[in-house]
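Here the structure comes first, spelled out in structure tokens, and everything after it is commentary.
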Amino acid sequence: MQTALAPEPAPRHSRVVRFWRDYGWAYLFILAPVLLFLIFTLYPVLTALVMSFQKYNIMNSTWVGLDNYERLVKDETFWKSIKNTVIFTVGTVPVNILITFVLSYFIFQMKSKWQTFFKATLYLPAVASGVTISIVWLAIFDPTDSGLLNRFLGFFGLDPVIWLGQSGTALFSLILMNWLGSHGAGIILYLAAMGGIPKSLYEAADIDHASGWTQFSRITWPLLKPTTLYLLVTGVITSFQVFISVYLMTQGGPNFATTTIAYLIYETAFKFYEFGLASAQSFVLAVIIIVISVIQFKYFSSDIEY
Amino acid sequence: MKSTRKKMLLVTASVLLAGWALITIIPMYWMLVGSVQDTTMSASFKPQMIPEQLSMSPYERFFAKTDAWRWLYNSLLISVILTVTNVFFASLAGYAFAKLKFPGSQAVFWVLLGTMMIPAQVTLIPLYILMVNVFDLGDTYTAIILPAAVSVGNIFLMKQFMSTLPTSLIHAARIDACSEFGIFWKVILPMAKPGIAVLAIFTFVASWNEFFWPFLITNSNEMRTVQVGLASFVFAESTDFGAMMAGATIGALPMIILFFSLQRYFLQGITIGAVKG
């Protein structure tokens, strides 16, 4: 009887031991990142969700259900910030991808030494911070003829423009700054992708006397779709969160002309201390970004061919 | 005919690329050249594209009016620490996700990856409250460093890179009775040097250039990073063009020097993790 009972605990014990012997190291390797993730990413996300249903300020918090979201829907400034952010994104991302693509296409025709030179030159501004870039462009947009841009206009006999100080030109100024910024990362990705297209495809097309345009539209562009998708998704995500240039150059003005969602969230939370409302705003931003990204993935992925 | 078309294409490419490269570089040039002209010499003086007279006065004014040396020290300290923590933890985690089979690895990885789509604005508000009100760590190095100690993007990058390493060497090392950490330290890390170099460089640059979180979490002048200090300087001294350009140059020059020193890693690094996989 006692002999029959004795083996019972052994299998459970050895099973646990074997589990940790087999997998313990792996869990140990991911332990620190996962802990940091749980504390500084997952917990804040869940907390923010809760806060968006509260009237939350420094002193106390009160459950208010959907009040924060109702306030959003009625808030003219919030809709203005969405509109500005969409205009900024639509004005920058497609144009930047086009610029990046054209530059990459031309660089690809060059010898490797020149390719490296142009990649480096076009990449350089990307290593400077958003703060330093914004400071420099603040000077470039100077409303007097000290500003580079107004000096440039002066060459053509045009009057100085108050770029950042007018409602009509402020948002365009931020967009222009983006167009003329660094496209280096995208160029490098496109060049790598172009280099990955088999030459045999172009040789076959040449034999069939396919025109340059046909080769482009049937070979080059389709095979670069994964890269374009990547740049599109990351570009949209980045543009929707634009903050530094707005904060340093325009402070969301004049007359809310450059207030973006990201900037509005900052003001709502850290100037007016309406943390609950700001959390609701941030979740709307999150939903917009996620929905757009998913749509882009579905649209582009549907006909990616390998 | 084809040869002529090719030549015309090359000429067009050269002209357009040279022009655009110039446009891309002008802001950096304006920053550098603006920082060595003393625009306070007279009210009518305007900065020139080619300076008639060089002056270090803007730098003297910038350092005299700010705690710039302290800011530089803060940024350097934080960037070095973040680079070390990210390299170590992202390598370990990347290796585990890439080469070790363990229950839940796919689920954990996709949860980590999924949150990358959540904008920082969602987490920053509760994170701020957590750090300041709960942990009472406002205005400290710890508060700046901990949330960024290892980023999901870096784990993803290292997983992508580790996936390219040959599994056979790992099996051989395991047969030699190496512990799992021994395998990581003696076999994986040496092979992963190129990926780690890229990770280190991009983490350092991103840490140095980071603005928003240090901006939120610090409130004393002594604790500012160079980017946060620069931003405050802009608002305080917006009329001093020369000093602003000097400050911007100080904020950007270390990274520009790093770029020219390690250009190959910068240019090669971007394709890792973005195209592969």
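Indices start at 1 and increase along the chain as displayed.
Placement of Cβ uses the backbone N, Cα and C atoms for every residue, glycine included.
Any TrEMBL annotation is an automated prediction that lacks curation.
The transmembrane segment annotation in TrEMBL covers B:9-32 (among others). A Cβ distance under 8 Å defines the sequence-distant neighbours of the transmembrane segment (B:9-32), meaning residues of its chain 6+ beyond its ends; these are 49, 245, 248-249, 252, 256.
Marked as transmembrane segment by TrEMBL: B:71-95 (among others).
Marked as domain 'ABC transmembrane type-1' by TrEMBL: B:72-262.
Panel annotation: around the transmembrane segment (B:107-129), residues 97, 147, 152-153, 155-156, 159, 212-213, 216-217 of the same chain, lying at least six beyond its termini, place a Cβ under 8 Å from a Cβ of the stretch. Residues or ranges marked as transmembrane segment by TrEMBL: B:107-129 (among others).
Feature annotation from TrEMBL assigns transmembrane segment to B:141-158 (among others). Sequence-distant contacts of the transmembrane segment (B:141-158) (same chain, six or more residues past either end, CB-CB distance under 8 Å): 74, 77-78, 81-82, 85-86, 89-91, 93-95, 97-98, 112-113, 115-116, 127, 131-132, 135, 192, 195-196, 198-199, 203, 207, 210, 213-214, 217-218, 223, 225, 272-273.
Per TrEMBL, transmembrane segment is recorded for B:196-216 (among others).
Sequence-distant contacts of the transmembrane segment (B:241-262) (same chain, six or more residues past either end, CB-CB distance under 8 Å): 28, 30-32, 34-35, 37-40, 47, 55, 57-59, 61-62, 65-66, 68, 72, 197, 201, 204-205, 208-209, 226-227, 230, 233-234. Here TrEMBL flags B:241-262 (among others) as transmembrane segment.
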